[in-house]
Amino acid sequence: MSSVNGTKFNSAVFLLTGIPGKEDVHLWISIPFSLMYVISIVGNSVILFIIKTDPNPSLHEPMYIFLSMLAITDFGISITTIPTILGIYMFNSREISLNACFAQLFFIHSLQCIESSVLLLMAFDRLIAICNPLRYASILTLPRIAEMGLVFLLRGVAIIVPLPFFLKRFQYCQANVLSHSYCLHQEVMKMACSDITVSSIYGLFTNLLTMGLDSLLILLSYVMIIKTVLNIASHAECLRALNTCISHFCTVLLFYTPEIGLSVIHRFGKGSFPLLQILLGYISLLVPPLINPIVYSVKSKHLFNSSSGSSAGATGNEKHGPPVPSSTLTSETT
């Protein structure tokens, strides 16, 4: 096992890890990973292409603009992790320089923060559509959506920028073998032989300020949505309103569940459950970009029919416009 004792910073490397004990079948493992990446990239690209080019006005409403933002972040996460994950399983290329590692973890963490923000915006969209449908169009205007998107983009980048600079100042004199096939701040930080107190506290602060705060606000949004829906007299309209939230709810679970589990293991597991840590790591980075396009294409008939070339006149079970009782419905369908 190599280390970086006394090595100059720019020439030092970390060693990435695939699945321990399965090195002899790494090439076979690369096949499903490659398929997942292809499906993720193609799926998110198709969604972006359809929303951008389809003349159906329903696909240019706020919900689909937020879906475009989600597809872009998922696309970015896939592109960021492809080189190292496939490099390990296809070519046994484990070495990564410190600077490349810091760059990768910056993009991974910043894109995850941005995705968390997009999920919050999508929850806000559902909240306004269900709880205040008559003001939906006046609240979620295109300029306001652009402003919210820009604010959350800057938030994600600004909060994560200090992390690689903290890591760059450290000396790395311990074992340099990482437990993942990509770089994460909380793991690289533990490789340092310097005092990591400030970096550790700041890392915890970023998690609480981004994903912690976002998940709390999303939960609050759903509490308000459920409270409103339960006041709807019609059982059919009640189910219809809840049905518009299914795609988003599934996406939230896919994103936050492995992230929370991985964060807990990294901070409190102290090397326990290594296979679970590896599995959660892959789920958190590979599954959302893979499943999100499928979930939204299946649940949104507008998107599904557009992707199959028959968007004209399509209506579906899940309408992403404001779903409220028919007497006050402000639907996106035309």
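Cβ from N, Cα, C; glycine included.
The following features are taken from TrEMBL:
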type	residues	note
TRANSMEM	25-51	transmembrane segment
DOMAIN	43-296	domain 'G-protein coupled receptors family 1 profile'
TRANSMEM	63-90	transmembrane segment
TRANSMEM	102-124	transmembrane segment
TRANSMEM	145-167	transmembrane segment
TRANSMEM	201-226	transmembrane segment
TRANSMEM	238-256	transmembrane segment
TRANSMEM	276-298	transmembrane segment
REGION	309-334	region 'Disordered'
Region pair the transmembrane segment (238-256) / the transmembrane segment (25-51), three or more CB pairs under 8 Å: no
Spatial neighbours of the transmembrane segment (63-90) far in sequence, C-beta under 8 Å, 6+ residues away: 16-18, 26-27, 29-30, 33-34, 37, 40-41, 44-45, 47-48, 51-52, 96, 104, 107-108, 111-112, 114-115, 118-119, 121-122, 125, 129, 142, 145, 149, 181-183, 251, 285-286, 288-289, 292-293, 296, 302-303, 320-321, 332
Any contact, the transmembrane segment (201-226) to the transmembrane segment (25-51), with at least 3 Cβ pairs under 8 A: no
Spatial neighbours of the transmembrane segment (25-51) far in sequence, C-beta under 8 Å, 6+ residues away: 18-19, 59-60, 64-65, 67-68, 71-72, 74-75, 78-79, 82, 85-86, 88-90, 92, 286, 289-290, 292-294, 296-297, 303, 306-307
Distant-in-sequence neighbours of the transmembrane segment (102-124), which means Cβ under 8 A and at least six residues beyond its ends: 63, 66-67, 69-70, 73-74, 76-77, 80-81, 84, 96, 145, 148-149, 152-153, 155-157, 159-161, 163-164, 167-168, 182-185, 188, 206, 210-211, 214-215, 217-218, 221-222, 248, 251-252, 255-256, 259, 285, 288
